[in-house]
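Peer 1: Below is one structure. I have some questions about it.
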Amino acid sequence: MKLDHLVLKNYRNYAAVDTTFSPEINVLIGANAQGKTNLLESIYVLALARSHRTNNDKELIRFGSEFARVSGQVSRQSGSHQLELIISHQGKRARIDRIEQPKLSQYLGHFNVILFAPEDLAIVKGSPAGRRRFIDMEFGQMSPKYLYNLSQYKTFLKQRNAYLKQLKYHQAKDLVYLDVLTDSLAAFGAELITARAKLLETMSDYAATIQQDITKGRESLHFSYQTQVDPSLRGDSEQVYTALGEMFAKQQAREIEQGTSLVGPQRDDVLFIVNDKDVANFGSQGQQRTTALAVKLAEIDLMKDQTGEYPVLLLDDVLSELDAARQTHLLKAIQTKVQTFLTTTSLEGIQKEIIATPAVFKVDEGTLARA
């Protein structure tokens, strides 16, 4: 999978961009606050129809403009496709090959990207909510079914929590309606837990090999999926559905008392276990960085495994955060097989013997030019 051509109109600090890219390594070089991260963000937005930096789409529109447009020509095994997002103050519109998509969910999955930014180095020791967002964003790209189940689950969770609050404050009395919401939540929750268990197991295997390679066999790594359902049941969605139903029944009185759902995958987490210890609490900073790198590289392999194609990789000033050994491993892992966009303030320190002939672009005050 490659991004061949990108067109921007009124996006952040870019009035207009129209450029083609190398199918291998593309380096965006420039001083700070010139628009390097904005350009990477636009590629991310083209893929996922949302920013990784803000939940307010209006921030993506250039100051004083009515709309922003992001358009790209993407090459896949199935052929070349034009993707387009138009972001206005009224909302977003998505097109594939000039055909309007009624739902954003029908747009997603046509272009897959993986972003690696300095803040991702903290993924192993960040919050459970951050790890859940990470899981959902990546797995949702790989599987339309996962994305659908996640969307449905969030809808029913919101409705159920609102109704639990009504029951708490005696504004509602009908427990039959609560049972209907609970059954739907258990059904979609079971699908999510089963999918997460399967995908995390595969991703863990990839990450374990990478961690061993980086550390020359000194460190073992595996993922420990933390969910309320017993591990022996997670491979069967029907058994997970039954288990969730039993837990909801047991917790119903407490849920009404607290006005919120206490059971379900919205409480999941993933622990990264290095040499039999939770690296977030007991690992060194070096181990945490190696683990974060292994997780990100495992994402690439998992996406290839699930979709049949490598994603596009976005590296936002991350090379400066890695020592020479980790930088070398990252660059060797991606060279020639993964189209990559990386930002940097200087080419100094980048492993030039690995990136022999990158396409270099100069970013300066919202303009992009081939260097």
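Note: Cβ is positioned from N, Cα and C throughout, glycine not excepted.
Marked as ATP binding site by Swiss-Prot: GLY30, ALA31, ASN32, ALA33, GLN34, GLY35, LYS36, THR37.
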Peer 1: For the recorded ATP site formed by GLY30, ALA31, ASN32, ALA33, GLN34, GLY35, LYS36, THR37, which further same-chain residues have Cβ atoms within 8 Å of the site's Cβ center?
Peer 2: ASN38, THR343, THR345, VAL363
Peer 1: Take the Cβ of GLY35 (ATP binding site) and count every other Cβ within 10 Å, whichever protein chain it belongs to.
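Peer 2: 23, counting other Cβ atoms within 10 Å of GLY35 (ATP binding site).
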Peer 1: Which residue, of the binding-site residues ASN32, GLN34, THR37, has its CB surrounded by the fewest other CB atoms within 10 A?
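Peer 2: Selected from the binding-site residues ASN32, GLN34, THR37 on minimum Cβ neighbours within 10 Å: ASN32.
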Peer 1: Can you give me the same-chain residues 6 or more apart in sequence from LYS36 (ATP binding site) with a CB-CB distance under 8 Å?
Peer 2: LEU28, ILE29, GLY30, ASP316, ASP317, THR343, THR344, VAL363
